[in-house]
Amino acid sequence: MIKHWIKELLWLVSLVAILVAIRVFVFSPIKVEGLSMMPTLVDGEKAIAYKLGDIKRFDVVPLKAPDDPALFYVKRVIGLPGDTVEYKEDQLLINGQALNEPYLTDYQQKWKDAGNAEPLTPNFTLSELTGQQTVPENTYFVLGDNRRVSKDSRYPEVGFIPKDNIIGKAKVSFWPPEKWGMIK
């Protein structure tokens, strides 16, 4: 009888250890605070971040805020190490090449339809914002999708995001229920 209980206890401890390891090393729950990722993610939305794999352009990433380690931001990766980054008339230019941002298409159109004359994303070059020509090694340039309110890499107190500050890639939204699905 005691052997049976010991066996059951060992099984339970092993299961808990596996679940803790998965939580620590593979997945992490996140909660979006604020409006900076609208319309992609809304205030209070909950998601799962995947901690493995390389960071790619346009990944949505939770990160430790460089200006306040107690805070976490959720932003979109725009510039990778070695990239030049520029916005001109709502067009993203990476290394001089125009790139589409399909996650912003509807929002940009609504912005224009509302009678706004200026672009959703104000014009800038990386060197104007940071004094640097390219994104430094082991760092990323991030923006919120709600470009008019997002505190992101355009601001000196945030700046380039060190690779170690990125927690993972937000992959799946699970709350509120109507937002359930893959994050694009």
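Including glycine, each Cβ sits where the backbone N, Cα and C put it.
Nobody curates TrEMBL annotations by hand; they come from automatic prediction.
Pulled from TrEMBL:
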DOMAIN    6-175  domain 'Peptidase S26'
TRANSMEM  9-30  transmembrane segment
ACT_SITE  SER36  active site
ACT_SITE  LYS75  active site
Reported as an integer number of Å, what is the Cα distance between SER36 (active site) and LYS75 (active site)?
8
I'm checking region-level scores; what's the whole-number mean pLDDT for the domain 'Peptidase S26' (6-175)?
90
